[in-house]
Amino acid sequence: MNILFLSDPPNNTSVSYFGPVKEGDLITLTCNSDANPAVESYTWFKVSGEDVVSVGFKNTLSTPVTEVDRQFYCRASNKYGSQNSSITYIDIHFSPKETAVVVDPTGPVLEGGSVSLLCSSHSNPPVTNYTWYRDDEVDQETGPILMIEDVNPSFSGDYHCTAKNHLGEETSAKVHLDVQFPPKNTSVSADPSGTVLDGSSLTLTCTTIANPAAVNITWFRAAGRKKEVVGSKQDFTFNVSKLSEDFYFCEAANIHGAEYSDPARINVAFPPGILSSSRCIKVLSQTRCSCDSQGNPLPSVVWELAGKLVNHSADIPIREIILGSGVIRSQITLYRLDENVPSLVCNSSNSLGSDGLAFNVSSSEIQLSLHPLSLLIGCAAGASGMTLVCIPLLIYFCRTRKTFLAFNKDKGRFSVNKSQEKPSGLSLSSETSFQPSSKAHMKKNTGKEESLTYVHVEFALPQVTSEDDLEDVDFRGRASKTTDYAETCREKSETNGKDKEKVT
């Protein structure tokens, strides 16, 4: 049981309200206190940081509240004293506010790195849903943090987010994500493009993709393994020339690195020209003429003989060889030319022009030419062939006893000799038989054994130095080679048993 004294000041002073309260709504606060005699006066105070302001003098206080203006307390007083309540924090609900995207790390991001984006927002109750946008397109991520690994240039763009609770939502401002990288896809383009006429002006442009943009452009001209700097701007202009073997390429660089383009070779067009290597060569009864023409586009070559177009045929073969660098060689072969043959003309043409050359194919203008290498190869092949043929024959004849016919100049006839030596120009075959000629005769020797052997011989015409020599020789057949017949009679002697040979 509480005993109240007449001199009790206010006690148990507190603030009560019905909440929570939505931000901006009007709230009624009540100041409660125990006092005897009863509280005579009330004072309301609003706390804003370090500032304290009185805002009311009644038992209740009706005031709009915000997140900032939500701290209140009251003071109850009677004639015996006063008492302050504790500060009351009003539970105010509000939709997300101060929503923003925070990038970590800040600043540009190098390609291949990682970056996180945080959607920061303040609300009561807390945010229940986040939505991410990149360049105004919804991203799949729905949490407060958007994490990007292995960043590439495609991730560059403007990002923002939306935070939402049951009281409302708020969208952040856009934040640009800057993904930087060294030059890539560096290439050379030409104006005019395609084939360029000899001597005309050409502009080459170095194109690259880089972030930040490439600030240093360097042009190079390369010939073989050597290169030289020829320009330092994005565009490089020069006059082209035919037969140039030069290549052009550029280098683009920024703070993160550099890259070279692929080398570009200029396709220079020019009319054809007959080269000084064109000539005619006469080998025995052949005359072979070569016409070398150079041009771009590759020229076509035609031949004219006596003012008439010559086409490829078995009698006059024509062939073409592509030698490279826009050079084509046309070769024509002529057989059995007269000394007064008309001029042979080679005509070369392409879409840009034409050229021609007349050849003097008379024998006085053409040198006999045998290629040393061809001659050497031919000699070597001939020697090898003769060796392969002669060695087996030599072995065969050395092992086999041969019978040769020798010409007796004094008697004007041939005799049979058994010898290891073979007369010059004589071919002997014991496998071919023959019938005796009308000049041959055979003596019958009763009681004596005889055997008849047939031999076929071929021999060259003997060399004679006078008509007297010809009188002693009886030839039939061709002048260069003749075939005659000989009869060999072999008799066995009764006395000694030895054979005797007689040739007619």
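Yeah, the Cβs are placed from backbone N, Cα and C, and that goes for glycine too.
What TrEMBL says about this one:
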| type | residues | note |
| --- | --- | --- |
| COMPBIAS | 426-438 | compositional bias 'Polar residues' |
| COMPBIAS | 487-504 | compositional bias 'Basic and acidic residues' |
| DOMAIN | 10-88 | domain 'Ig-like' |
| DOMAIN | 96-176 | domain 'Ig-like' |
| DOMAIN | 183-267 | domain 'Ig-like' |
| REGION | 417-446 | region 'Disordered' |
| REGION | 481-504 | region 'Disordered' |
| TRANSMEM | 373-397 | transmembrane segment |
Grouping DSSP H, G, I as helix and E, B as strand, the residues of the domain 'Ig-like' (10-88) number 0 helix, 52 strand, 27 coil
In the domain 'Ig-like' (96-176), averaged pLDDT is 94
Residue counts for the domain 'Ig-like' (96-176) under DSSP, helix then strand then coil, are 3 helix, 48 strand, 30 coil
